[in-house]
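Peer 1: So TrEMBL says this about it:
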DOMAIN    19-152  domain 'RNase III'
DOMAIN    193-260  domain 'DRBM'
């Protein structure tokens with residue numbers, strides 16, 4: 001099967017380097033990073049993170065799968081994401097924090113991006129028909145679970161906070177805000193998510209959530225839209241757009257210019 005492992009779960013050359021690079025951002029109590037050696041218990045545990053129960057019939061019995069680590073990793077990711085958004089946006093509310101957390105660690109969004117960033121598809125073990133590629137987000141959860149199992153929550157949370165600091169702004173831009181479908185990327189013509197940036201600014205300064213009022217103009221077969229954005233007592237009217245979403249993005253862009 002086309003995976004990073006052969007039938008007896010022997011990683012191909014490069015797996016040890018991958019694991020060592022992955023844990024290099026873990027800081028132990030003495031300030032050092034873990035050293036992984038081929039064949040040691042930590043190494044074997046990382047191998048286990050890539051084994052799915054569904055793949056056991058193809059690789060043989062006697063191998064442990066990754067379900068336990070996946071469960072732990074999911075909990076740790078959610079806890080660390082909550083810590084991040086609470087510290088990043090201290091004046092925001094629960095609804096805002098929940099929406100931000102979702103776009104960070106939901107399987108179809110930030111978590112999936114991390115699997116691509118780390119190239120997990122090179123090492124996953126899955127059924128031959130799929131190569132395990134549909135399970136990448138779960139593998140990321142398993143790896144985080146392994147980190148927590150081996151090095152504890154504090155070290156794992158520190159690892160995740162550094163990851164979130166680097167990637168979260170990109171996720172906040174690329175994925176919808178709370179109240180929208182959180183499993184789809186934003187497909188706006190605008191390359192910048194102005195509504196997301198405005199929400200971040202308002203949360204940072206404690207101004208409350210921006211409000212939008214949209215109106216439809218023109219004939220039914222060719223409607224146009226215009227939106228008004230309000231932050232506190234400040235209101236701005238955006239330009240005419242072909243969709244309600246684009247109209248709100250334009251209004252948010254103009255509000256940003258007004259407030260900056």
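Placement of Cβ uses the backbone N, Cα and C atoms for every residue, glycine included.
As the structure is a computational prediction, the values presented were derived from the model and not from experiment.
Please go over these features one by one and say how buried each is and what sits next to it.
Peer 2: A mean pLDDT of 86 is what the model gives for the domain 'DRBM' (193-260).
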Peer 1: DSSP on the domain 'DRBM' (193-260): how many residues come out helix, how many strand, how many coil?
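Peer 2: Summed over the domain 'DRBM' (193-260), the classes give 28 helix, 20 strand, 20 coil.
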